[in-house]
Structure formats: structure tokens, C-alpha cells
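What follows is a single structure, written as C-alpha cells, with notes after it.
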Amino acid sequence: MTSSLVRNGFVRGSMTQGNGCYQRKCVNSTLEVAVDGIWKVCPEAGGPIQFPGFNGELICPAYHELCSMDPILTSGQCTNSCNYNGDCVGGICHCFIGFDGHDCSKRSCPSNCSGNGKCLRNGICECANGYTGIDCSTAVCDEQCSLHGGVCDNGVCEFRCLDYAGYTCRNTSGLLNSLAICKDVLATDADGQHCAPSESSILQQLEEVVVVPNYHRLYPTGARKILNMFRGRNCDKATKRLACWISIQKCEKDGDNRLRVCHSACKAYNLACGASLDCSDQMLFSEEGDGLCTGWGDMESWL
């Protein structure tokens with residue numbers, strides 16, 4: 001389906017960014033579509049709908065395009081119109097995947113559930129944890145993958161620049177003139193590459209709608225904020241750096257994937273601010289060494 005949806009707090013790279021496959025169902029003569037587990041009813045003739053937590057809109061197809069109950073007939077007639085579980089071609093039913101029988105009335109477990117589940121007596125696959133699909137052939141990722149801007153590729157959570165709001169892997173030196181908050185932070189790696197929007201105006205928006213909220217979320221509040229006033233500027237500096245590294249991550253040397261923030265940077269932030277951020281969160285932090293994560297060795301140089 002055509003869509004320009006992008007999660008609140010992220011910057012849209014293009015108006016076609018959200019194009020893709022979405023869950024749908026036909027209920028009581030209406031077409032419903034789901035985004036992030038929220039179902040919305042589409043206009044009968046098709047058209048745009050919006051979802052809470054997202055900017056942009058999804059363009060629904062017309063009801064009859066996905067919910068028509070008329071069997072497909074090219075010649076001849078098929079028993080029970082293939083029970084609408086297949087196409088009738090020349091009087092013979094060609095069943096959709098997961099259905100069997102001369103009239104497609106029986107359920108069947110495709111490929112014996114691909115070895116990733118068990119076939120129930122009713123012919124439906126019960127998938128093991130980590131797999132989904134009518135034949136259990138599709139590996140799934142933890143929901144934290146999408147919440148942190150990742151893309152699930154057959155069970156592997158990848159953080160690709162091009163899938164992250166249309167970013168590209170850019171030379172860091174070319175970003176500095178468009179940055180304000182993160183300019184000094186990224187200048188320490190001016191010869192490297194970071195994932196960032198290709199347009200300066202969108203890069204500036206990134207600091208406003210992503211970096212700044214991350215900074216305020218990370219900076220201590222309450223009693224710890226008062227305590228940090230006596231500790232000096234280390235906490236403020238650590239919070240600023242971590243917010244920038246989480247929001248504008250380095251690229252892989254041999255690819256276009258974003259690199260997670262170094263585990264050591266998370267621990268140094270906790271030490272500077274008396275915080276308790278979960279440094280074991282593998283969606284954000286990595287224990288990999290030199291050049292394989294964002295912020296390696298930089299915290300220790302000043303802390």
C-alpha cells in the first residue's frame with residue numbers, strides 16, 4: 001500500500017518512505033488496515049487514513065480491490081467456487097497456499113511448517129517462538145528492533161541507513177556545517193562516516209526533533225540534577241555526547257548499516273551522571289572495539 005507514514009520523533013526521508021505491506025481484514029463489508037497493532041476502517045472507495053503516533057498518511061485501496069468475494073472464473077465452473085480459497089481456472093481449483101482438496105476446502109500445513117513449528121490437526125501451523133507466517137518460514141525480531149529504528153530482515157535486526165528515514169552514509173566532515181549541538185561531538189571523528197539525511201535542512205530538523213528530546217530524556221532530573229551541579233560539567237557533556245551518538249550513528253566500514261553506540265560510552269555516561277541506563281540493551285549498545293561502534297574511546301579521553 002502507498003504510505004508516507006513515519007513514526008513521531010523521526011524525520012521523513014521521502015514521501016514514499018512508508019510504502020509497503022500492511023495487515024488488512026475484511027469485516028462487515030468494510031476494509032480495515034492495521035499499523036503498529038492499531039486497526040482503522042478504510043473509506044469504501046479508498047483514500048487516506050492517519051494513525052496515532054505517526055506523521056503522514058496511508059492510502060487505502062478501494063474495498064472491492066481486496067475484499068471482493070466474486071470467484072475468478074476463466075472457463076468452466078468449480079465446486080463451491082473453490083470456497084474462495086483458490087482461483088478457478090478451466091473448471092479446476094488452484095488452491096492458495098495453506099489450502100488443499102478439489103474444492104480447496106481443506107486446510108494443509110505448507111512445507112510441514114518449514115521445520116519451525118508443528119502442524120495441528122486442523123491443518124494450521126503453530127509456529128515456534130521466533131517464527132511466523134502460514135508456513136512458519138519467516139523469522140521475526142524482538143519488537144524493540146522497530147522501536148529503535150531497526151529493520152527486521154528474516155530474524156536479523158539491521159540498522160540500515162537507507163531504511164532509517166531515508167538517510168545515507170555520509171562523510172562526517174560534510175555534516176559539521178549543518179550541525180549545532182552535535183558539531184563538536186562529531187568533529188572528533190571528522191574523517192569517518194555517519195548516517196544522516198542528505199539535505200542540510202532535514203539534518204537541522206534532526207537535531208531539533210531527535211537529538212534535543214534524547215538529551216532531555218537522558219539528563220538527570222530531581223535530586224540527581226542538583227547533585228550534578230556540584231560535580232561540574234562532566235554530566236552535561238556526557239549527556240550531550242550520548243544523545244548525539246544515539247541519534248547520528250556511524251556507518252559500517254564495509255556497508256551501509258548503522259553502528260550501535262559503544263558499551264563503554266554508556267557506562268561512562270552512567271558514571272558521570274549517576275544514572276542507571278541499561279547498557280546491556282543490545283539494540284542500542286555494542287561491546288565491539290575500535291571502529292566497530294559509535295563513540296569508542298572518546299569518553300575515556302575526558303572523563
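A Cβ is built for glycine as well, from the same backbone N, Cα and C atoms used for every other residue.
No curator has checked TrEMBL annotations; they are predicted automatically.
Out of Cys104, Cys119, the record in TrEMBL bonds Cys109 through a disulfide to Cys119. Reviewing Cys136, Cys141, the cysteine that TrEMBL connects to Cys127 via a disulfide bond turns out to be Cys136. Around the Cβ of Cys127 (disulfide bond), a 10 Å sphere holds 20 further Cβ atoms from the protein chains shown. Under a cutoff of 8 A between CB atoms, and with a sequence separation of 6+ in the same chain, the neighbours of Cys109 (disulfide bond) are Gly98, Cys119, Leu120, Gly123, Ile124, Cys125, Asp135. Counting other Cβ atoms within 10 Å of each Cβ, the lowest count among the disulfide-bonded residues Cys119, Cys136 belongs to Cys119. Computed over the domain 'EGF-like' (105-137), the whole-number mean pLDDT of the model equals 90.
Helix, strand and coil content of the domain 'EGF-like' (105-137), in residues and according to DSSP, is 6 helix, 10 strand, 17 coil.
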